[in-house]
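Read through the structure below, which is laid out as structure tokens, and then see the notes.
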Amino acid sequence: MGGNNKSQTPPLLPTNTGSSSIPLTSGLSIGSGNYYVKLGIGSPAKYHAMLMDTGSSLSWMQCKPCVIYCHSQADPVFDPSASSTYSKLSCATPECSSLKAATLNDPACEADSNACIYTASYGDASYSIGYLGKDVLNLSPAAGSGSQQRFTFGCGQDNQGLFGRAAGILGLARDKLSFLSQLLQVASNGFSYCLPTATPAASSSGGGYLSLGSSALSSLPYKFTPMLTDPKNPSLYFLDLTAITVAGKPLPVSPDSYRVPTILDSGTVITRIPAAAYTALQAAVVKAVSGKFAQAPAYSILETCFKGKLSEMAAAVPRVGLVFRGGAGLDLLPRNLLVEVPEDGITCLGFAKSPTIAIIANRQQQTVNVAYDVANSRIGFAPGGCH
């Protein structure tokens, strides 16, 4: 894997106690079920669609010369040799030593150049392998040069998996190599986002955003739940799911059913819940819907499906709520509860069951303002569309 090494030092971000906000867009237009922001990398800055992922720490993007494989992406592939401020990081750097904690994979060292090589791997078997490097980051074209910072990221040379046509991943977990940790001047207190609905017709819910910094956490009437930490996965955002309600009533399952670690993850599409809760939720939805719509075979990991469109089913499905410790929660609209598969003419319950861990995924977070108050270890939810 070839590359260059430039010695120029780009400016750091100034200390900033306010916040920066970046548009957040549904990835459907680039073939992904996740959401992306456009970030500028390099000098001169080139903007790339990066999938926002609160479930991983290392940010990376595909880089020329794509020694092994780059998938097709919406923007031109980043060329480090065309940036006057890009530098590779050596195996002796603290950033390289931090890779094991950030990715759970050991770094490698290129024999002839001593360049640090990362491996980022994901639960769906997707992965990226490449050089660890540093360059100027620009948050948005409108932000100007004052929003620049030296940013450590992976320069992917072998990128395989379910990334759509995005350039790469923006890691927002809690490890020190994450996007959040590197932008301490603007994001030390935390961040918030709102995932827009995936369909253009629902644009009335407002445009999606990712906001960094203290003012991102105080402008809406959030209800908060404690942000928990799991020693096995200290960089992830955990919370305590205490109940699931249907039409305002808790599902008839033991409270012990929810005693599995629960992750809040913007980079997962389908929510996983414990088997007992899933079975009870499935029964409630089938009871409400099956009299009006015929059941259909399972689709991928979605077991509970019906023949018909989401818009037709919306009036038939009951209101479902996810309740977290302290009273915070997510009240799910039909579009948060159901997933339409237009090519098959079916609509499915957007949940799957998992025996050992629960994941609150992005489908269930759409059009809800979600605040990660890292400084005070709490997570907040404010419904009502993206503001």
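Placement of Cβ uses the backbone N, Cα and C atoms for every residue, glycine included.
Annotated active site per TrEMBL: D53 (among others), in sequence order. D53 (active site) carries a strand DSSP state (E or B). The Cβ of D53 (active site) lies under 8 Å from the Cβ of N34, I169, L170, G171, L172, A173, D265, S266, G267, each of which sits 6+ residues away along the same chain.
Per TrEMBL, active site is recorded for D265 (among others). Take the CB of D265 (active site) and look out to 10 A: across all protein chains shown you find 22 other CB atoms.
The annotation domain 'Peptidase A1' is assigned in TrEMBL to 35-382. Taking the domain 'Peptidase A1' (35-382) as a whole, pLDDT averages 92 in the prediction.
According to TrEMBL, the region 'Disordered' annotation covers 1-20.
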